[in-house]
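Report on one structure; see the data block that follows.
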Amino acid sequence: MSQTTTAKISEAAGDPVPSIAGIPAAPITRAPPLAAGAGPLGWARTNLFSSIPSTIVTLVLLILLARWATEFVNWAILHAVWSVPNTATGPDTAACRDAKGIGACWAVISEKYRFILFGRYLYEEQWRPAIVIVLFIGLYVVSAMRQFWRKELILIWITTLTVVGVLMWGGVFGLTYVPQDSWGGLPITLILATFGLACAFPLSILVALGRRATNLPAIRVLCTVYVELIRGVPLITVLFMASVMFPLFMPAGLNPDKLLRAQVAVILFAAAYLAEVVRGGLQTLPKGQYEAADALGLGYWHKTAFIILPQALRLVIPPLVNTFIGFFKDTSLVLIIGLFDLLTAGKVAMADLVWQPYSTEVYLVLAAIYFAFCYVMARYSRGLEQGFSRSTKR
């Protein structure tokens, strides 16, 4: 067999190919062929242009999307009115009236943003709710970092929420006292969502465990009745009961403010739904995990806290976050008991006859704020789920 033929056979087998000098060279390795759907073009061909009908639908949608995007850019940016002059009688909206139907009037946001964000809070003290918003966002960011998942995080939460209360109420450290009836805007939404979900989540875990407590039938029945009763009525009904009926059962002279009543209603309502999600995770966990925990000789609470719950909660991260997002948006229902949350403040801002024709711009900004918070929660949950999946595979 010739040297050339031997080299070809060796190359095909992946063996070193002998050089002319007799020194073996590095083996020749062939790269695997690219997958059919690799890369953006491959993905588009597989998912968007896989057949003639699919191609037609894709092209039609792209044309419609391009047309809509062009019209939106023209309306929202190119032909928009960003500010209007102020006169002795108020803002001159002539430019907005001339651009009606052609361009957006974002001047309504620059005129009403303080009321939308802070409601009826004292104008000269609105720096305080502004700091509260920053504190809440910072608290969310710190809580999302896994390196801060230690006992000190509880202290951070307690400190931050205490500072929030001091800033919003005032009356100490030289701050002007602001009654709760004057609160409004984004701080109300964040307070209801943060306190509500922070208190509802541990309560939901206890309720879920209670529904599985076969050796405690009374506790199991009470938890079941609570969950089914709360889930059987809409949130509006619970808020109405908390606002109107709850004070009737309180002692004379004791009447909690509307925010506290709404907060309790949100906590009880959210806990019932979260309890079902947690119970689903407990039922999904393989029976072998319970048997392994029993084999270690652990007590009920140690077994639940260190073995069962961490795995069960990891399995239900997507539905948990989905419930969080739903209740963050449901905080807008507190308008029925007279609380000025973000959405209600935006609606009240439109009561000004001068700016009533430009409610679309206000609702777009409100939608963008809600979307930003909900999107961040969804993306974080996805990353958290992927991180837990990788750690499990290791």
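The backbone N, Cα and C atoms fix where each Cβ goes, glycine too.
Bear in mind that TrEMBL entries carry predicted annotations, made automatically and left uncurated.
Note that the coordinates shown come from a computational prediction; the quantities given were computed from them, not determined experimentally.
Noted in TrEMBL for the protein shown:
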- 186-377: domain 'ABC transmembrane type-1' (DOMAIN)
- 48-69: transmembrane segment (TRANSMEM)
- 126-142: transmembrane segment (TRANSMEM)
- 154-178: transmembrane segment (TRANSMEM)
- 184-209: transmembrane segment (TRANSMEM)
- 229-250: transmembrane segment (TRANSMEM)
- 262-282: transmembrane segment (TRANSMEM)
- 362-380: transmembrane segment (TRANSMEM)
The transmembrane segment (184-209) and the transmembrane segment (262-282) contact flag, 3+ Cβ pairs under 8 angstroms: yes
Contact check, the transmembrane segment (229-250) vs the transmembrane segment (262-282), 3+ Cβ pairs under 8 Å, seq sep 6+: yes
